[in-house]
Amino acid sequence: MMFRRVERMAACVSDMKAKKMSVKSLITLVLIGLMSIIDVVVTESVTRPRGVSLTNEPFYRDSQWFTCLDGSRQIFKSQVNDDYCDCMDSSDEPGTSACPQGKFHCNNRGFKPKYIPSSRVNDGICDCCDASDEYKGPGATQCSNNCRELGRADLERRQQEIILMNQGFDVRQEYIKQGIEKKAEREESLKKLREEKEVADQLKDEKERLKQEAESPEKEAKDAHKAVWDAQQAVLREERDKQRANEAFDELDADRNGLITPDELADHKEFDSDGDGEVSEEEAKAVLIGIDRLPKATFIGPIWKNIKEKFKSLPKVTPEDPSPVPSPPEDVNEGDASEEDLDMGDHGDMNDEDEEDFADEDDEDEEFDDDLDEGELMEKYAKHRADYEKKKEVKGKGEDGEEMPEYDEATKKLIEVADAAREEFKEAEKQVNDLKKSIEDIEKLMNVDLGPQQEFEPLQKQCYEYTDREYTYKLCPFDKTSQRPKAGGSETQLGNWGQWEGPDENKYSKMKYTRGRNCWNGPDRSTLVILRCGLENKLVSASEPERCTYEFQFETPSLCTTKTDVETGEIDSHDEL
């Protein structure tokens with residue numbers, strides 16, 4: 001019988017060759033034929049109890065006795081598959097549903113053998129493609145043997161996978177070529193950039209030296225100019241301080257007799273050291289260092305130095321019921337207001353130019369009226385004084401408000417030369433920094449492990465996305481992983497590139513991304529990317545098997561490491577899959 005099958009198969013092959021059929025079809029038929037021959041040989045040479053695999057067949061050969069596979073007992077051979085469970089391990093009933101833990105072996109000749117629970121035997125459902133599990137009852141007539149059809153389809157699927165893997169292998173070879181070329185380009189660029197940086201460093205050092213040479217005389221000239229200005233300001237400050245001391249003395253000398261007495265300090269609450277709301281005689285004498293009648297010369301000396309930070313001038317006027325100022329008449333008679341009442345004889349600390357500005361403003365604004373009483377006049381004066389102070393601020397004048405005068409022409413020239421030197425140094429420094437950054441960027445890229453043959457080079461600086469019902473996941477190889485809500489929202493980082501995580505024999509099959517965004521009350525997010533051979537780079541799935549731990553499935557030609565000869569079935573390279 002076996003020889004007749006071989007003869008028919010050989011005749012079929014000869015017929016196919018005569019018809020010039022494809023190699024793929026030829027191989028398919030040959031493989032199916034070989035499986036048929038093997039099935040026949042096995043069937044004709046070995047007789048096994050139903051449900052027993054070829055591997056376990058030797059345990060059932062004895063014609064009289066059967067020993068339970070766990071060695072627990074020995075029974076008559078006739079008790080095997082008698083629909084009664086005798087062995088604790090269920091090994092005496094491989095072909096019936098009598099034992100709860102039994103296993104039935106489907107031979108499935110022409111396809112894939114498998115085990116099913118013996119409880120499924122004769123349950124009316126076809127579990128084995130050869131229908132061997134349904135040998136009595138309704139299933140015996142309903143189930144048919146379709147293993148050969150399944151085997152043929154599986155063989156075609158495997159052949160298609162081989163074709164795709166071979167195509168992926170070809171793409172991988174191109175990736176390797178690109179990676180090696182890119183690595184060589186980077187090495188050459190790195191060499192040139194380092195040479196350029198050496199020259200740029202020398203130029204920077206020279207420009208820095210010239211800058212320092214130009215800045216030295218500039219600094220000397222600026223310092224000299226400022227020293228003169230500081231000296232002038234010191235004199236002005238001293239004069240202003242003396243003027244303020246005189247004004248303070250005049251204010252404290254209420255009776256204008258040229259002497260300050262303790263009782264004249266009573267209205268100045270800033271001298272109330274114990275905070276009881278009154279300036280006592282002891283407190284006043286402490287201010288006047290025990291002198292009952294203090295002359296101006298003594299006050300302007302040590303006394304003023306001690307109290308000037310504390311002294312507060314009393315308001316000139318504090319009307320109890322201020323009222324709007326009436327419109328002034330055209331005529332003005334300033335003589336009606338005494339110098340003692342208005343203290344406007346010299347306009348305080350105004351210089352001649354200030355007085356002219358103040359006078360001009362008076363002319364342009366409303367004038368004083370002869371009929372105004374003293375309170376109204378003082379209120380008018382306070383308003384004009386405030387306007388004057390505001391005008392001083394706008395013009396940059398007043399105490400400590402003066403601007404330093406411009407530099408002389410010689411100093412300006414030195415500053416111009418130094419500015420040019422600084423600009424040249426800045427440009428040279430920028431060039432060095434730019435070159436340094438370019439070198440660091442290339443070194444960073446070269447430090448990434450792109451595979452033993454640089455086959456993962458094309459994945460750099462690329463990103464791939466996968467969308468499920470809720471999120472869009474993103475994988476940027478050698479950079480990061482992330483997710484964002486499908487409905488819109490901010491992106492959450494799931495990890496930053498860490499390292500290759502595959503086993504020693506297949507290191508480049510897994511990527512690990514760590515240090516992602518921290519989970520609330522949990523760890524930092526992380527992602528494990530599992531790679532497999534594919535014809536194109538594609539993120540095919542994403543999941544979160546554990547809280548804050550993600551798993552991506554990624555296909556890439558970079559991992560198509562084998563190529564199978566379709567005609568011979570031989571593998572051209574080591575299979576890392």
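Using N, Cα and C of the backbone, Cβ positions are placed for all residues, glycine too.
Going by TrEMBL, these are the annotated features:
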REGION    208-227  region 'Disordered'
REGION    238-282  region 'Disordered'
COMPBIAS  238-247  compositional bias 'Basic and acidic residues'
DOMAIN    240-275  domain 'EF-hand'
REGION    314-409  region 'Disordered'
COMPBIAS  331-343  compositional bias 'Acidic residues'
COMPBIAS  351-376  compositional bias 'Acidic residues'
COMPBIAS  377-399  compositional bias 'Basic and acidic residues'
COILED    411-445  coiled coil
DOMAIN    461-562  domain 'MRH'
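Summarised by DSSP class, the composition of the domain 'MRH' (461-562) is 9 helix, 57 strand, 36 coil. Sorting the compositional bias 'Basic and acidic residues' (238-247) by DSSP state (H, G, I as helix; E, B as strand; all else coil) yields 10 helix, 0 strand, 0 coil. Taken together, the residues in the coiled coil (411-445) have a mean pLDDT of 96 on the 0 to 100 scale. Here the region 'Disordered' (208-227) is broken down by DSSP into helix, strand and coil counts: 20 helix, 0 strand, 0 coil.
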